[in-house]
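Okay, so here's the structure we're looking at.
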Amino acid sequence: MNFIKDNSRALIQRMGMTVIKQITDDLFVWNVLNREEVNIICCEKVEQDAARGIIHMILKKGSESCNLFLKSLKEWNYPLFQDLNGQSLFHQTSEGDLDDLAQDLKDLYHTPSFLNFYPLGEDIDIIFNLKSTFTEPVLWRKDQHHHRVEQLTLNGLLQALQSPCIIEGESGKGKSTLLQRIAMLWGSGKCKALTKFKFVFFLRLSRAQGGLFETLCDQLLDIPGTIRKQTFMAMLLKLRQRVLFLLDGYNEFKPQNCPEIEALIKENHRFKNMVIVTTTTECLRHIRQFGALTAEVGDMTEDSAQALIREVLIKELAEGLLLQIQKSRCLRNLMKTPLFVVITCAIQMGESEFHSHTQTTLFHTFYDLLIQKNKHKHKGVAASDFIRSLDHCGDLALEGVFSHKFDFELQDVSSVNEDVLLTTGLLCKYTAQRFKPKYKFFHKSFQEYTAGRRLSSLLTSHEPEEVTKGNGYLQKMVSISDITSTYSSLLRYTCGSSVEATRAVMKHLAAVYQHGCLLGLSIAKRPLWRQESLQSVKNTTEQEILKAININSFVECGIHLYQESTSKSALSQEFEAFFQGKSLYINSGNIPDYLFDFFEHLPNCASALDFIKLDFYGGAMASWEKAAEDTGGIHMEEAPETYIPSRAVSLFFNWKQEFRTLEVTLRDFSKLNKQDIRYLGKIFSSATSLRLQIKRCAGVAGSLSLVLSTCKNIYSLMVEASPLTIEDERHITSVTNLKTLSIHDLQNQRLPGGLTDSLGNLKNLTKLIMDNIKMNEEDAIKLAEGLKNLKKMCLFHLTHLSDIGEGMDYIVKSLSSEPCDLEEIQLVSCCLSANAVKILAQNLHNLVKLSILDLSENYLEKDGNEALHELIDRMNVLEQLTALMLPWGCDVQGSLSSLLKHLEEVPQLVKLGLKNWRLTDTEIRILGAFFGKNPLKNFQQLNLAGNRVSSDGWLAFMGVFENLKQLVFFDFSTKEFLPDPALVRKLSQVLSKLTFLQEARLVGWQFDDDDLSVITGAFKLVTA
């Protein structure tokens, strides 16, 4: 009793909670303490209070109880017992014994059994070596708020080491390898930060059993017989911070199996040894409060991933894999997780040549590995409960994709066995500095894979309820833009998981194209025209561009699904139905391998496409030549011989079938040699019909005639900002099967026998576009003569011309003097005269099919008002008119009332342009009264730029303007207009109600920052 009493202060300070509980258990078994007394001691939160309580209880119970207390103390903390008796165990061990033990450890850390490890578990016979495959990790030090505050290297971490140090990271981040590396570095003696440690012990906590001493002996090496357990524990106390414990995997540790290791972490102040412990994110909450330093393992760097791949794979396989990763943004993101790098390499191992595996294959391997690797953790869990939890995890992922949710709450996992999802590694749990826990998949792409896997199982289930559920998810995908963006990865992994699921997906996508939202675009690609207007305004450039963007992205999505599918040939019929009538864009500078597979394995699908768009770029050659000139022309023999890559030739020319239509675009060619022309001829021959576009190609001059001679099947030609010789122009007008001709920015002099002289030869033309072409009055007259022969033309654009005298009079007369099929006429900024407008007005009865009439940006001088009046008065014959943009002149605003009266009879009008009409408050009120009657049911575009309306006038107009619910575009630009605050407020209210608005032009309106803050919305606002 006196011994305990005399040493009570030391006992209270040094026993520790773990030893107190162990002694309490012994005393309960020996009937010294009853259950109530045990509860009192164990419920104490402070270890000193617990120690004080048990000592006072024992002293009251007499000497026999005190002897039993000392017996238990001797068992559980022998070094403390010896110290209290005035005996030190440490002196019993010689320095030589310690040196021998340290050397044995160092030797162990350099043996093959320690350096070689199974990165995917012992069931898979793939071995990595720690020396050659370790890459420098990225570590982040965390503060008390659990925020990243500093990036650390491994050496930086060791130099700043505090105990306990907690290293957290999601599964597969390389935490175990990191601790093994530290042990190896200590053993080598080459790491300065580790030389201060006498011993470094690496322990796997999943295998910890018994006491600390027993675990060390079991996992590392047999400690010499001269060092007993009590002596060893005393040595640890004596060496203090010269001993480093590397404790791997607290998330797999069972504290009851080894209370001493638990105490080493949570009561580190008693042991005084240094500790680094790793854990997964979801288990961090169990030890975070005890950490003196917390570090997170960050993403693997791209250089580290490449180094690892090159180290573990033979050169050919490594280069193939690195090329595949370079082409895939998704794979590049996944390579930030070391385990995924390992899996990607492992799939290639044993192969004689590189095989480009699909992302589904990689994720499937990863998913199954997680389940297999952690199956031992689920003993006692019923198989049905386990499967139900996995299904719920898939449902969670699937719902998350559709609701754009990638962070989940407790209620989301409350209906299943949370432990199953966490221990398999499918979900990660985040609790640090959070009132409510957050659950996430380790990567967004992994959530999409899990969702796709689940959708596949639903679509192929034998249970009708599950099939209905799966089809319900497909029915939510009704917009092409959503399918090609939001749901593209989900569909990819669904198709990669099952042939039958792919069949269901492709049938749905074919139905979407037929009946769904074909023209729905993502916000970043919203069209100027809404879908409804496109149905009424036919053959417009806007419509064609919009459809091309949508259909191309849709087709690319289909090819990716084909690529991902587990069986290509079995689904040929479904894929062919999907590709029927669609288009595909190909960049010749980056033709992916899967296109060759697509053409080879599904030739019927490729030929089912409506047309292929192929782009060639000459800029690389031009820049190379400039560099050669800058260096005096050195190494000219190394210049590439052709612009046209042979890869493009092999893709098209080696193909055994024909495309319906091929659209080839040449851009920025500084020259075109004979081999290029031969290559183009081979490519052109792969299509039944050809469209050729030439943009900014100075080098085509003189060669275009040769190019066209290889085009036996061309029906559309567009030349933009590319000079032409007289031979080129003559050859263009000799291609009599042309249906579309578009010439832009052609500024060389018109020569006899050239373009304007001979356009009449192209009698099959249906569309003629001439923009910014240099010509004089004589050229215009010749052009007019040629137009008389173009009886099939339905679209004519003549824009941005100058100095053509009275040439427009002749052109307008040729266009309108006889009944024709013209549906669209654009005569924009082309010296249109009042006389030409009169001629047009008098001949409107010959243009009854006209849908779009654009005469904007033309100033009518003499007799302009009279001409405009006459045009307006005769407009009643244009029963299909949907878009009207008028010219301007002096006092044209006087014609507004007459115009609006006629427009009341044109309910299908969607676009009206009165640019530079200089409308005043009077006219804007007249216009407001017109719109107040709501005569135009689907009105969408209004251009009143160049007005003179005051704030009062605009305020009056706003009351009606806000009712134009279908509006997508307006232009109210003017000069130096300072709007009143009341107008700004009203404008902001109106704009918020125009939910379809995509662009508002208010150039010249003098807004300050406050004004802009209230009128800015989801639309594009142009003020300068």
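Residue positions begin at 1 at the first shown residue.
Positions of Cβ are set from backbone N, Cα and C atoms, glycine also.
What Swiss-Prot records for this protein:
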DOMAIN    1-88  domain 'CARD'
DOMAIN    163-476  domain 'NACHT'
REGION    95-298  region 'Nucleotide-binding domain (NBD)'
REPEAT    578-598  repeat 'LRR 1'
REPEAT    656-679  repeat 'LRR 2'
REPEAT    735-758  repeat 'LRR 3'
REPEAT    762-785  repeat 'LRR 4'
REPEAT    787-812  repeat 'LRR 5'
REPEAT    824-847  repeat 'LRR 6'
REPEAT    848-870  repeat 'LRR 7'
REPEAT    878-902  repeat 'LRR 8'
REPEAT    911-933  repeat 'LRR 9'
REPEAT    936-963  repeat 'LRR 10'
REPEAT    965-985  repeat 'LRR 11'
REPEAT    999-1021  repeat 'LRR 12'
Grab the same-chain neighbours of the repeat 'LRR 3' (735-758) for me: Cβ-Cβ under 8 Å, and only residues 6 or more beyond its ends, written as numbers and ranges.
-> 691, 708, 711, 714-724, 726, 729, 764-776, 779-780, 782-783, 786
Helix, strand and coil totals (DSSP H, G, I; E, B; other) for the repeat 'LRR 3' (735-758) = 4 helix, 7 strand, 13 coil
Surrounding residues of the repeat 'LRR 9' (911-933) on its own chain - C-beta under 8 Å, 6+ positions past either end = 533, 537, 854, 856-857, 859, 882-886, 888, 892-893, 896-897, 900, 903-904, 939-950, 952-954, 956-957, 959-961, 963-964, 971
Highest-contact recorded stretch vs the repeat 'LRR 5' (787-812), from 824-847, 878-902, 999-1021, CB pairs under 8 Å | 824-847
Answer yes if the repeat 'LRR 8' (878-902) and the repeat 'LRR 6' (824-847) have at least three CB pairs under 8 Å among residue pairs 6 or more apart in sequence, and no otherwise.
-> yes
Average the per-residue pLDDT over the repeat 'LRR 5' (787-812) and send me the rounded value.
-> 93
